[in-house]
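**Q** Below: one structure in structure tokens.
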């Protein structure tokens, strides 16, 4: 009898836990994805803060020349970063227990792998939590689908690119100047500015900013006034009101006359779908571009391919970019190799005599 009561009590405790996790009445929805999201993001955030402040220098290139990234080792907020895991580790899974000591783990950049892998798992769970809450509230799943774009972008730079390049040392450093360094090196080695998917990503981000500004300004300019002239028009809105808060017909008419009729949406649902889909598609293209360039399917290279009828090279802006890429690559890992890989791979001319 006692055993039966204990089983019922334990079952009820588990049942109450399940109800609490999946309840939409909580101030913050937990969800089953949240059960995994919370510890992984807490771990990533905690290690990031500690490492950014106090981590010792990391031998990123695997040549016994450690690079400092933390505040206590001479950096500031701008120059500080979590230095990627050493090239000596490559793509090996490198938890603390795989190192001979904590000092060795820190020297080889173990915190970077820990932070990145926990972060990627955490943001993926956040996306799943968005879907889970939408499902329980009877909403459509497109919030999670839109969030998939930045998740894909983060996965591309922190996981897919290192896999393609053969080492976590090629991943993006976790810091401001480290991000810029990653961008410059990426341009030098892959010519990303000449990649169509990057161009589409730029169109998505800047186009999304433009469309959001246009939409917000049109809505703000065509509010249905519910207040007197002495009060702010914003005070006329009540949360949850059934009435329209702005006149879409007026906004449509204004923009249609400003550009042309069919440049303006007359369907609010189509308009907001477009506002969401445009930047999301752009970020997807960028993430796809990073993932393909990870395996060295690089941007266009018109290297001396534009010639006149006599075969003479016509200098173009593409040639200027190629020269800039070589210059940036010379400066990258300057102690690891003395020449750009593009030059070092060329066979030396034969010398007779």
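Yeah, the Cβs are placed from backbone N, Cα and C, and that goes for glycine too.
Take a look at what Swiss-Prot says about it:
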BINDING   118  chlorophyll a ChlzD1 binding site
BINDING   126  pheophytin a binding site
BINDING   170, 189, 332, 333, 342, 344  [CaMn4O5] cluster binding site
BINDING   198  chlorophyll a PD1 binding site
BINDING   215, 272  Fe cation binding site
BINDING   215, 264, 265  quinone binding site
MOD_RES   2  phosphothreonine
MOD_RES   2  N-acetylthreonine
SITE      161  site 'Tyrosine radical intermediate'
SITE      190  site 'Stabilizes free radical intermediate'
TRANSMEM  29-46  transmembrane segment
TRANSMEM  118-133  transmembrane segment
TRANSMEM  142-156  transmembrane segment
TRANSMEM  197-218  transmembrane segment
TRANSMEM  274-288  transmembrane segment
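Are these features on the surface or tucked inside, and what touches them?
**A** Using a 10 Å radius centred on the Cβ of residue 118 (chlorophyll a ChlzD1 binding site) and all shown protein chains, the other Cβ atoms total 20. In three-state terms derived from DSSP, residue 118 (chlorophyll a ChlzD1 binding site) belongs to a helical segment.
Non-local contacts of residue 126 (pheophytin a binding site) by the CB criterion (under 8 A, 6+ apart in sequence, same chain) comprise 33, 37, 41, 147. The secondary structure of residue 126 (pheophytin a binding site), as reduced to three states from DSSP, is helical.
Here the Cβ of residue 198 (chlorophyll a PD1 binding site) has 23 other Cβ atoms within 10 Å, regardless of which shown protein chain they belong to.
A helical conformation is recorded for residue 272 (Fe cation binding site) in the three-state DSSP classification.
Under DSSP, residue 264 (quinone binding site) is assigned to coil, being neither helix nor strand in the three-state scheme.
For residue 161 (site 'Tyrosine radical intermediate'), the number of other Cβ atoms no farther than 10 Å from its own Cβ, over all displayed protein chains, is 22.
In the three-state DSSP assignment, the secondary structure recorded for residue 190 (site 'Stabilizes free radical intermediate') is helix. Of all the Cβ atoms in the protein chains shown, 23 others lie within 10 Å of the Cβ of residue 190 (site 'Stabilizes free radical intermediate').
For the transmembrane segment (118-133), the residues of the chain that approach it from at least six positions outside its boundaries are 24, 29, 31-34, 36-37, 40-41, 43-44, 47, 139, 141, 143-144, 147-148, 150-151, 154-155, 158-159, judged by C-beta separation under 8 angstroms.
Through the fold, the transmembrane segment (197-218) approaches residues 251, 254-255, 271, 274-275, 278-283, 285-286, 288-289, 292, 299 of its own chain, all at least 6 residues removed from its boundaries and within a Cβ separation under 8 Å.
Sequence-distant neighbours of the transmembrane segment (274-288) (same chain, 6+ residues past either end, Cβ-Cβ under 8 Å): 142, 145-146, 148-150, 152-153, 155-156, 197-198, 200-205, 207-208, 211-212, 215, 265.
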**Q** Under an 8 Å Cβ to Cβ limit, what residues of the same chain, 6 or more beyond the ends of the transmembrane segment (29-46), are close to it?
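**A** For the transmembrane segment (29-46), the far contacts come to 20-23, 114-116, 118-119, 121-123, 125-129, 131-133.
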**Q** Looking only at C-alpha atoms, tell me how far residue 332 ([CaMn4O5] cluster binding site) is from residue 190 (site 'Stabilizes free radical intermediate'), rounded to the nearest Å.
**A** 13
**Q** When you measure from the Cβ of residue 264 (quinone binding site), which residues in the chain that are at least 6 apart have a Cβ under 8 Å away?
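**A** Listed in sequence order: 251, 252, 253, 255, 256.
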**Q** Between C-alpha atoms, which of these binding-site residues comes nearest to residue 198 (chlorophyll a PD1 binding site): 170, 189, 215, 265?
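**A** Checking each of 170, 189, 215, 265 against residue 198 (chlorophyll a PD1 binding site), the shortest Cα distance is to 189.
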**Q** Given the recorded quinone site (215, 264, 265), which additional residues of the same chain have their Cβ within 8 Å of the Cβ centre, ordered by sequence?
**A** 214, 218, 251, 252, 255, 271
**Q** Report, in whole Å, the straight Cα-to-Cα distance of residue 190 (site 'Stabilizes free radical intermediate') from residue 215 (Fe cation binding site).
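**A** Here the two Cα atoms are 36 Å apart.
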**Q** How far apart, in Å, are the two Cα atoms that lie farthest from each other among 215, 264, 265, the residues recorded as binding quinone?
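**A** Taking every pair among 215, 264, 265, the longest Cα gap is 10 Å.
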